[in-house]
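Noted in TrEMBL for the protein shown:
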- 1-25: region 'Disordered' (REGION)
- 1-15: compositional bias 'Polar residues' (COMPBIAS)
- 22-129: domain 'CBM20' (DOMAIN)
- 567, 568, 569, 570, 571, 572, 573, 574, 619: substrate binding site (BINDING)
């Protein structure tokens, strides 16, 4: 808009022909602005407007309307008038802010405003100060927009509703009503007369039912085993070729079955080739020359080869040719800030993290790896779980007896090292293509094996070991029996006892050669799985992500307990189709609150340590109000996604008033103006996830659609891009059963 200009946009052309607005007396929203050209005394003089009806109705300077500062140099006054309003006769004046000095009226004739347009020649507002020695000049702008009276009424109604006092203001953040309040007894329409199973409805096909599957089967598939005839028979094992597709996002970049097993006690020269005995192919790796070097711990997880005084030259270079993409996690807040810092300031290998599991069989390694994978993916880190046992079964078959795992069986050791190297190569290749965190799941029970893995990771990724130690014989026995029931290793063994004693023998073979981790960077979890104490030892662990992993592991355990997720009962804003807000429940919502209380009473009747979590918004607190006998905790983190300036609007109103705003392009990252995105919600929900993992008793979470989508995605291990589209209907309870076998889901539809 030009200097000293006025503008009255053709409202009918900008909004189309709207007879309803004309007939209904559509209003003009007028924005009157002044911009200072001179900054003299600007902090002491406040621009005002005074004049005739319909704006001020008085030429008395004491009744002039003050303009509001919009920026360091801009002042603004907005008002609403009818399109056919009387001509507004007005002038600008300056009032001193801190004194009773006389007002200063602008020079020139009065200004005339008709139909949202300034009449006459456009001019700046000029003020003469100090007897005419000082001139202040302001540029004048005006803009008029046609506003529907229905929009004005809706805005006024929303404004009035926001002024209404909250119905739950007197309820403390933590409360427990041990006895039913008067009048809250469940009437026949709100009680659940039938057994709870009657209300069960089918869960989605992508539900959180990982507990029904063997965790190792859900890990990454070997790239090089995806081609036909890629399997080979090993001593003592049968071959079971299976057609396995390679995921499209992971193109094969490694030659089929070209697996090199480095000897951690050998230092390689800079030239020559080495033959892989187990496969019979040649690699450009350095030739073994029998020379030895020294391993020096750098304190970041992977050792650095240092030249021995007795050697002349040696180099180790296993760079993958594909250039790393080093993507930033799909995250906001602290996660994104930490990733940027690591990428800008840290060593190149620190941009990728390898978490190498260590531990005897039946100690919960795969369960821990699966849970950690789920957590890191939910935070936005591209994470994959590589299980060496799956690699072994796909390459060597599932019929290895306990003798295959003996420490004095050289053929078995070579075959197991071969598949471990294959899995490690796949993981590193994936990282070089842009992957961020790889979890390497195997026993890795000897220093020799771990040294081999550190050598392979040298210069490519940061590596630390995660050792799980369990001395509880009862837990070990339970894990062994679950292993026999679920593991493909014993799928063809009809005799449970025979499989049990074979696995016992395998475990004995591992125990004879087991060496606890003392090298590099590591985390040791000692007797943590029960949730009753235990300890964690941390050595040379630094950085944001490793620190978050430690915090997560401290709070996890295997104690079975249900987590119930449900939206609040239907609110009045739900009925109106308005997003956000803080309205009370509708009549239907109040009925659901009573049905939910009846459900919780039946479902958790033997779980008196359970608790009820709500947001701080009254529709969730009112939904929880009829529930008695359990503590109730309000979480600000459980509040609905902040819709910013769109709060209280319908989607139709957003489309009409903000046509340039579109969530459909990227609903995950879209941030409402002055509000939140789904990624913002995930960041503030991390403490909730940690506490849900730490809780040993059932928890009922009463929250909102966007928040429950994010929480459910964590338990169901759903990709981040799917979170905004997960179905979380009203008046439905999602029961997440957490335990040693994974996560299982059940849904109840009460209304």
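Glycine is treated like the rest: Cβ placed from N, Cα and C.
Whatever TrEMBL says is automated annotation, not expert-curated.
Here the features listed in TrEMBL are painted onto the structure.
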| residue | record | Cβ contacts under 8 Å, 6 or more apart |
| --- | --- | --- |
| 567 | substrate binding site | 702, 703, 704, 705, 708, 728, 729, 730, 731, 732 |
| 569 | substrate binding site | 585, 586, 588, 589, 590, 591, 592, 593, 596, 619, 622, 623, 730, 731 |
| 571 | substrate binding site | 581, 583, 584, 585, 586, 589, 619 |
| 573 | substrate binding site | 579, 580, 581, 583, 648 |
Legend entry - Helix, strand and coil residues within the domain 'CBM20' (22-129) as assigned by DSSP: 5 helix, 52 strand, 51 coil
Legend entry - Additional residues around substrate, ordered along the sequence, whose Cβ is within 8 Å of the centroid of 567, 568, 569, 570, 571, 572, 573, 574, 619: 583, 585, 586, 589, 623, 730
Inset, instruction - For residue 619 (substrate binding site), just count the other CB atoms lying within 10 A of its CB, please. - result: 29
Legend entry - Model confidence over the domain 'CBM20' (22-129), averaged pLDDT: 82
